[in-house]
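Student: Provided herewith is a single structure, encoded as structure tokens, for subsequent inquiry.
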Amino acid sequence: MAKIPQKRNWVMFLILSTTAALYALNAHEQLGVSSTYPHDPLLAGITTHMAMQTLKSHNKWVYAISISPDGETLASGSYDGKINLWNLQTGKLRATLNAHEDAVSSLAISSDGQTLVSGSWDNRIDLWNLQTGEHLHTLDEAEDDVSAIALTPDGKYLAASAADKNLRLWNLKTGELIRIQPTPEDVLSLAFSPDGQTLASGSRDGVIRFWQREQLALTFSLEGHKSAVKSVSFSPDGQYLASGSQDQSVKVWQRHQGKLLKILKGHTEPVLSVAFSPDGRSLASGSYDRSIKLWQPLSGKPLGNLIGHTKSVRSIQFSPDGKKLISSGSDATIKIWSTITINAKG
């Protein structure tokens, strides 16, 4: 069983400079706030933004989110085993699924938008009808907590990692378990390349490993993080990989050459989630320090600082059109950010 993070007491101060501005973000007149910090050398020139909308329904930490390909549905999974389905356009809660007996650690939605896959600390991986919430199937149970899942972009294959130090690969259409591959260390994060041929894994030992999908054969490894790799994400063109680590850094790698291109520093606690924007021009990182930071991935230039979560940011994902960034946290909330506003404000 995974350990519950220690509770933290903290006070956050948001200091608005004289250049702070209020601006409306949507038709419902929900307001966002931006501010700059011209006198702070660590934040000079970086704009801080606040969320345009907060979704509240979960009572426990929200560990995982996933967005449907059409951008209409948001799924969120919580520490209490429940999954919420939201209309992402309106922010309305559509359904609550009493899905698992333990924390929902990961979620993924198929490319056709019909199937939701959930992984849990109760050792189960379940399939759901995304539209109706109906339970469809339980895949062969893992031997231990499911730590991460990933779907190929075509929706045909599902990979999962568990605390038993094994990777598993299923045919999602038939439910057939194709292969089990032992790993040198616990795998904490997974991502498929855009062509679906390569699976990247981030491990507790700080190593990123690349696996050929069909045989789950290890092809090469990247070493550079000093601690556990909590999240990995491919760029949309498949040329780059971003990784977020317990060592508080975000690293950007050239995938095929295995070359470390940039080390992005700014978080003060472990980085729990990273995500590329759909156009590949922005990279977001969410951290235990409660902040989300935006970067230009290849230059390393900071683009913005998103403030709003009162506890750790567990998961982040861009909407398919790139106009929104969705985040979930240990504060039991989901926040929606306007990337249009962020890009405009810098």
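Every residue gets a Cβ built from N, Cα and C, even glycine.
Any TrEMBL annotation is an automated prediction that lacks curation.
When I checked TrEMBL for this same protein, it listed these features:
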- 1-23: signal peptide (SIGNAL)
- 55-96: repeat 'WD' (REPEAT)
- 97-138: repeat 'WD' (REPEAT)
- 139-180: repeat 'WD' (REPEAT)
- 148-302: domain 'EML-like second beta-propeller' (DOMAIN)
- 180-212: repeat 'WD' (REPEAT)
- 222-263: repeat 'WD' (REPEAT)
- 264-305: repeat 'WD' (REPEAT)
- 306-338: repeat 'WD' (REPEAT)
Student: Can you tell me which parts of the same chain pack against the repeat 'WD' (222-263), counting only residues 6+ beyond its ends and a CB-CB cutoff under 8 A?
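Tutor: Same-chain contacts beyond the ends: 188-195, 200-210, 269-276, 278-280, 283, 285-287, 295, 297-300.
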Student: Over the repeat 'WD' (180-212), what is the model's mean pLDDT?
Tutor: 98
Student: Residue counts in helix (H, G, I), strand (E, B) and coil for the repeat 'WD' (306-338), per DSSP?
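Tutor: Taking each residue of the repeat 'WD' (306-338) in turn, the totals are 0 helix, 20 strand, 13 coil.
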Student: Taking helix as H, G and I and strand as E and B in DSSP, count the residues of the repeat 'WD' (264-305) in helix, strand and coil.
Tutor: 0 helix, 21 strand, 21 coil
Student: In the repeat 'WD' (222-263), how many residues does DSSP put in helix, strand and coil?
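Tutor: Within the repeat 'WD' (222-263) the tally stands at 0 helix, 24 strand, 18 coil.
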